[in-house]
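Asks: Handing you this structure, nothing more for now.
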Amino acid sequence: MSKDPKGYYKVLELSPGASVAEVRKAYAKQQAKYHLDSPYMKNKLKNAASDEEREKIKKECGEMSARLNSAKSVLFDEKKKKEYDSGMGEFGAHFSGGGYSDIFDIFSQFTGGRGHQRTNKVSSTKYVITVSLRESFVGKVSKFNVRTEKVCTTCDGKGGKDVETCKKCNGNGVYTSRRSLGGFVTLAETRCDGCDGSGHKIKGKPCSTCNGAEYIQDKTMFEVNIKPGVRKGEKIVFEGMGDQRRGHVPGDVIFIIDVQEDSRFERCGNDLVGNIDIPLYTAIGGGVVYFTHIDGRQLEINVSPFRTFDTALKIRNEGFKGSRTGNLILKPNIIIGSESDRAKIMQVLSAPSKKPYGTFTKVNSEFGSMPEPERDHEDASEEGAQSARSFFNNFSFF
């Protein structure tokens with residue numbers, strides 16, 4: 001049987017069987033070392049060759065913090081540490097051959113009671129980052145101060161220097177109740193109200209740092225790298241950097257991206273879609289037009305003669321980055337121009353076709369905008385999806 005079956009002593013850089021005092025000292029040292037604001041971690045992040053390497057270092061830091069807290073949940077407790085060192089209980093290869101005091105001990109083996117509990121993870125801390133469409137195209141780096149709840153290192157999350165085991169739950173934090181119904185017996189674990197699930201009670205004065213609360217508020221600066229091409233709803237996760245609970249894996253800090261709408265552009269997949277003014281003579285004869293990209297660059301675009309005005313311009317690889325770099329799609333607004341331009345154009349255009357056969361009623365016309373079609377209430381939710389699909393259905397690309 002291994003003397004360190006889960007590697008708890010190894011992660012603390014201790015020899016198997018080290019005392020609880022040695023474990024506490026090593027835990028505090030390792031947690032301080034792997035905190036993102038520690039000199040050791042700052043130096044590693046500073047020397048990282050790329051953003052990807054920095055993200056990897058932060059992820060490894062969170063994983064190390066989680067492993068340290070898993071080790072702490074066992075080796076800080078004399079009873080659990082004794083079982084761990086001897087390979088007994090949940091750390092053994094199989095159930096013992098007997099010795100259960102009653103049915104509740106058997107139930108505890110199967111359900112993972114407090115003395116044999118599963119390692120649960122604390123809920124994540126989530127924040128929404130709102131960026132403009134331009135920022136989602138070019139990317140950006142933002143810094144945020146995030147408050148999280150950490151286990152008090154002064155009292156090791158016990159609330160005081162001297163604590164005693166809760167007599168109501170025998171230190172388990174939960175107790176098992178039995179109910180009989182129609183000849184069947186059901187067993188259920190209930191959080192102990194005598195110790196509020198902690199398994200112990202404070203003797204004497206509470207901890208001066210946390211005032212008996214067992215946890216303290218911690219503020220950490222997070223550098224969030226928002227990469228070019230990020231989509232609305234994407235998540236940037238810092239594993240193990242969130243709230244802590246004794247005996248639990250620390251939670252994550254998650255930043256969720258929200259992208260604002262833009263007055264000039266919209267995103268369709270990885271394509272960037274916009275509008276461009278094109279003089280009629282350029283549309284007919286070809287030429288050059290100028291356009292300001294969403295990233296601020298000035299583009300000089302060569303335009304071939306239009307075969308039909310139901311045509312969109314496609315500039316390859318000028319869209320959003322991703323697994324496939326998108327294109328810049330521009331819907332042309334054909335501009336006729338001044339009176340002199342109109343006269344020159346009329347000289348080269350062929351005469352209109354003859355009046356078709358039939359009886360016609362004369363009416364006058366004027367220019368106006370297209371009205372929005374009426375929609376049933378049920379169709380309103382489809383408006384966003386339909387606008388993107390209808391755009392591409394009405395234009396051909398070349």
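The backbone N, Cα and C atoms fix where each Cβ goes, glycine too.
Pulled these features from Swiss-Prot for this protein:
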- Phe144, Asn145, Val146, Met221, Phe222, Val253, Ile254, Phe255: substrate binding site (BINDING)
- Cys152, Cys155, Cys207, Cys210: Zn(2+) 1 binding site (BINDING)
- Cys166, Cys169, Cys192, Cys195: Zn(2+) 2 binding site (BINDING)
- 7-88: domain 'J' (DOMAIN)
- 367-386: region 'Disordered' (REGION)
- 152-159: repeat 'CXXCXGXG motif' (REPEAT)
- 166-173: repeat 'CXXCXGXG motif' (REPEAT)
- 192-199: repeat 'CXXCXGXG motif' (REPEAT)
- 207-214: repeat 'CXXCXGXG motif' (REPEAT)
- 139-219: zinc finger (ZN_FING)
Asks: Just give me the nearest neighbour of Val253 (substrate binding site) among the binding-site residues Cys155, Cys166, Cys169, Cys195, Cα to Cα.
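Replies: Smallest Cα separation from Val253 (substrate binding site) among Cys155, Cys166, Cys169, Cys195: Cys155.
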Asks: Could you give the number of helix, strand and coil residues in the zinc finger (139-219) as assigned by DSSP?
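Replies: Its residues divide into 0 helix, 46 strand, 35 coil.
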Asks: Given the binding-site residues Phe144, Cys152, Ile254, state which is nearest to Cys195 (Zn(2+) 2 binding site) when distance is taken between Cα atoms.
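Replies: Closest candidate to Cys195 (Zn(2+) 2 binding site), judged by Cα separation, is Cys152.
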Asks: Whole-number answer please: how many Å between the C-alpha atoms of Cys210 (Zn(2+) 1 binding site) and Phe255 (substrate binding site)?
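Replies: Between the alpha carbons of Cys210 (Zn(2+) 1 binding site) and Phe255 (substrate binding site) there are 28 Å.
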Asks: Rank the binding-site residues Cys166, Cys210, Ile254 by how many other Cβ atoms lie within 10 Å of each Cβ and give me the one with the fewest.
Replies: Ile254
Asks: Rounded to the nearest Å, what's the C-alpha distance separating Cys152 (Zn(2+) 1 binding site) and Val146 (substrate binding site)? Just drop the number here, would you?
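Replies: Distance between the two Cα atoms comes out at 18 Å.
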Asks: Most Cβ neighbours within 10 Å: which of the binding-site residues Phe144, Phe222, Phe255 is it?
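Replies: When each Cβ's neighbours within 10 Å are tallied, Phe255 tops the list.
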Asks: To see if you understand the setup: which same-chain residues, six or more apart in sequence, place their Cβ under 8 Å from that of Met221 (substrate binding site)?
Replies: Leu36, Asp37, Lys143, Phe144, Asn145, Val146
Asks: Centre the Cβ atoms of Cys152, Cys155, Cys207, Cys210, go out 8 Å, and tell me which other residues of that chain have a Cβ in range of the Zn(2+) 1 site.
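Replies: My list of surrounding residues reads Thr153, Thr154, Asp156, Gly157, Lys158, Gly159, Gly160, Pro206, Ser208, Thr209, Asn211, Gly212, Ala213, Glu214, Tyr215, Ile216.
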Asks: Output, ordered by sequence, the same-chain residues six or more apart from Cys192 (Zn(2+) 2 binding site) with a CB under 8 Å from its CB, or 'none'.
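Replies: Within the chain, Cys192 (Zn(2+) 2 binding site) has Cβ neighbours under 8 Å at Cys166, Lys168, Cys169, Asn172, Gly173, Val174, Tyr175, Gly199.
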Asks: So if I measure Cβ to Cβ from Cys155 (Zn(2+) 1 binding site) and keep only same-chain residues at least 6 apart in sequence, which ones fall under 8 Å?
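Replies: Listed in sequence order: Lys161, Cys207, Thr209, Cys210, Glu214.
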Asks: Taking the residues Phe144, Asn145, Val146, Met221, Phe222, Val253, Ile254, Phe255, which the record names as binding substrate, find the longest CA to CA distance and state it in Å to the nearest whole number.
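Replies: Value for the max Cα separation, rounded to a whole number: 13 Å.
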